[in-house]
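The annotation domain 'Sugar phosphate transporter' is assigned in TrEMBL to 103-392. Positions annotated as transmembrane segment by TrEMBL: 105-122, 134-152, 221-240, 246-265, 277-296, 316-334.
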Amino acid sequence: MICAVKQSSRAIHCSDGVIRSKISVPSKRSLFLPPLPMQKPPKSAVSVHKAVHVSSLENFGSLRVRKPNPIKCEAYEADRSQPIESSIDLSQNQARSEAAKKLKIGSYFALWWALNVVFNIYNKKVLNAYPYPWLTSTLSLAAGSLIMLISWMTRIAEAPKTDIEFWKSLLPVAVAHTIGHVAATVSMSKVAVSFTHIIKSGEPAFSVLVSRFLLGETFPLPVYLSLLPIIGGCALAAVTELNFNMTGFMGAMISNLAFVFRNIFSKKGMKGKSVSGMNYYACLSILSLLLLTPFAFAVEGPQLWAEGWKTAVSQIGPHFVWWVAAQSIFYHLYNQVSYMSLDEISPLTFSVGNTMKRISVIVSSIIIFRTPVQPVNALGAAIAVLGTFIYSQAKQ
């Protein structure tokens, strides 16, 4: 800080706390008295008894070298509205980014649930008129694979960088995914959509049992207790189901078990693989399609497919073609969005979202297909879904 203090014609200069006086008082020798010793004035004592006037705080004197002050302090008068830069801007930006992230996640969830509901509706319509679940499962994987291949070729989406080790690690995941997908489709071809999803809400019970007895993992007591309403609710819903079918029930159970192994293989084999959720599911669909296609030809075959197609088109009309295309496309889209949401949220949030997804599918399918539901059956479904939610909370 450089300042100048004027007192009449005298000036006292101070720079950075060092006071320098420019008043020089010449010492005169007396001819008759001996010289007296001169005492040096105190370095830091300045006494001014008259009023002073501060004329300037900058650009004073002939000093050319000034060190800039790294700390800039600014003050404003009370009646002047001037912006003050502080950490408030940073906190506001963080709040905006958090709000944008929540909006993005909410959009993912809403789109995920909506696409899943649409897929289940069209899938059930197709299976009612065309009861060939192996072919419909193959078409679902084929549509997703084709969509992603076109997206990569047109550079709408960036193609993943994979190697042989990636595909080796993905192979057991694809096997489990293929079995779970076909088993769920077989189940929905035999029973109501709501019943299939009630049984599939018991997947956490399979996850805990497989992890405990095959992998040796242990869980806290609340996790084990949360399985009781899941198992009890599914059992109550199955016993009171009006249109119970053993093939449909076993298909849902096999799907649960297969998807548990899919998650286990995915966690173990895909660690350290830098592939986004969207591309990961695309690669999974392609590999599952290659695995499923020969089995679909062996189990059902082109002859049954051709005869069933003629019957379905003659009964429903050209709309049947749209139904098949819709169930294939929406299957890929809802799975793609769910894997994309995994990149943005925690596993706990995903589990909660998956539980809410099942509720939306069960309720919407009951309304659209006018599925008869007994009060006890509805109670069992509610208990099973509630147990799934409790499990997702207790596991964390």
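Residue 1 is the first one shown; counting continues down the chain.
Each Cβ is built from the backbone N, Cα and C atoms, and glycine gets one as well.
Note that the structure is predicted; figures quoted are calculated from it, not measured.
Here the transmembrane segment (277-296) does not lie next to the transmembrane segment (105-122) in space: the count of CB pairs under 8 Å, restricted to residues six or more apart, is fewer than 3. Contact between the transmembrane segment (105-122) and the transmembrane segment (316-334) is supported by 3 or more Cβ pairs under 8 Å, counting only residues 6 or more apart in sequence. A Cβ distance under 8 Å defines the sequence-distant neighbours of the transmembrane segment (221-240), meaning residues of its chain 6+ beyond its ends; these are 195, 198-199, 201-202, 204-205, 208, 249, 374, 376-377, 379-388, 390-391, 393-395. For the domain 'Sugar phosphate transporter' (103-392), the predicted model reports an average pLDDT of 89.
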